[in-house]
């Protein structure tokens, strides 16, 4: 039997990989003379301070690090690399595209603001994730949870992650659901939340999805700005 989700996610290709490919990982800023920064974009988040850090003021370094995180949020200026739902089919509403993580609205949401946070590379189950992927996922999940709560105005939410078909995993690519739990919607109260990923859902309207994703990107930029500096793991 073909489910509604199967119609949106063809079995011959991974939709989450398609989204990741449509939104490449951000590149590190060009190295300056005497700066030994790695060419790898992973250095944006997790590398130790560069040997030339002492040549910069604290404010300069802090701004550079904030810029690195901001580059993980697709722009809204319509330029190359900016957010565009039509870069994938079906349309995708991307909020984050970092080195190891991509976040986008569920196109068949259980409720408004239903966000998916996936690994950039194809990993079927959490046990398949690499160390860097786990660290970065752990970094972004709390931030994106705050974003969802602020944009939707709903402070209670579920974070759910399924592994394998018997655990209700529909798309075999690691992803976490951030699902607001509004208390004012009777239809949400009556739903069974035991099995995330399957069941009756309404399709996300394209205009609504574009507007909601833009709001989330804006709030995500604000959250990054509040951080002031990147983490040291």
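Cβ coordinates come from backbone N, Cα and C, glycine included.
Any TrEMBL annotation is an automated prediction that lacks curation.
These figures come from a predicted structure and were not determined experimentally.
What TrEMBL annotates here:
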ACT_SITE  175  active site, tele-AMP-histidine intermediate
COMPBIAS  36-47  compositional bias 'Low complexity'
COMPBIAS  53-67  compositional bias 'Basic and acidic residues'
DOMAIN    80-193  domain 'HIT'
REGION    18-86  region 'Disordered'
MOTIF     173-177  motif 'Histidine triad motif'
Overall pLDDT of the domain 'HIT' (80-193), taken as the mean: 92
Cβ neighbour count within 10 Å of residue 175 (active site, tele-AMP-histidine intermediate): 25
Helix, strand and coil counts within the domain 'HIT' (80-193) (DSSP): 35 helix, 25 strand, 54 coil
